[in-house]
């Protein structure tokens with residue numbers, strides 16, 4: 001995993017150049033937005049169990065056959081696995097948001113996820129819907145538009161962070177498609 005600083009340094013080192021210009025400005029912006037980034041991650045972490053359970057519940061409410069016999073999350077064991085997997089995905093999205101880099105999400109969470117779910121017979125549509133609900137909920141927390149928040153989110157415009165986290169969820173959706 002390379003954070004924003006490591007990426008810039010690695011790039012400059014590869015060119016045998018000093019860090020400067022646009023790279024330095026990008027790092028200055030990353031640092032100045034740091035408190036918003038940390039507060040946004042804190043909002044996700046503080047509300048993680050609600051985000052995960054509401055996302056999975058929303059998926060089940062929209063498709064009740066999933067909890068019927070032979071459904072994708074029929075047994076307690078399958079439901080627990082579904083909740084666990086959603087929590088893991090949310091955790092890696094929060095790591096990516098904190099570092100400003102999606103490589104940890106891609107390398108440690110998404111690599112082989114689709115194949116694993118396919119081999120277990122997990123329905124792809126349910127996964128996609130859970131991720132979609134989770135994305136909307138997290139963006140609501142970051143932009144301070146959620147009714148359920150336990151903590152306040154940062155003041156000011158967080159639309160760039162909301163867009164960034166939306167991109168991480170889009171990577172998850174693409175990996176599962």
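Glycine is no exception: its Cβ is also placed from the backbone N, Cα and C atoms.
The (2R,3E)-phycoerythrobilin 1 binding site annotation in Swiss-Prot covers 18. Contacts of residue 18 ((2R,3E)-phycoerythrobilin 1 binding site) defined by a Cβ separation under 8 A and a same-chain sequence distance of 6+ are given as 12, in order along the sequence.
Applying an 8 A CB threshold to same-chain residues 6 or more apart, the list for residue 28 ((2R,3E)-phycoerythrobilin 2 binding site) is empty. The (2R,3E)-phycoerythrobilin 2 binding site feature in Swiss-Prot is assigned to 28, 35, 39, 144, 154, 156, 158; the stated evidence is experimental evidence.
A helical conformation is recorded for residue 129 (15,16-dihydrobiliverdin binding site) in the three-state DSSP classification. Neighbour count (other Cβ atoms within 10 Å of the Cβ, all protein chains): 19 for residue 129 (15,16-dihydrobiliverdin binding site). The 15,16-dihydrobiliverdin binding site annotation in Swiss-Prot covers 50, 54, 61, 129, 148, 149 and is backed by experimental evidence.
Reduced to three states, the DSSP call for residue 85 ((2R,3E)-phycoerythrobilin 3 binding site) is helix. Summarising the annotation, Swiss-Prot assigns (2R,3E)-phycoerythrobilin 3 binding site to 82, 84, 85 and lists experimental evidence as the type of evidence.
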Fill in the blank from the handout: residue 39 ((2R,3E)-phycoerythrobilin 2 binding site) has its Cβ surrounded, within 10 angstroms, by a count of other Cβ atoms equal to 19
Handout entry: Candidate binding-site residues 50, 61, 85, 129, pick with smallest Cα gap to residue 158 ((2R,3E)-phycoerythrobilin 2 binding site)
Key = 50
Handout entry: When distances run from the Cα of residue 54 (15,16-dihydrobiliverdin binding site) to each of the binding-site residues 39, 84, 144, the nearest one
Key = 84
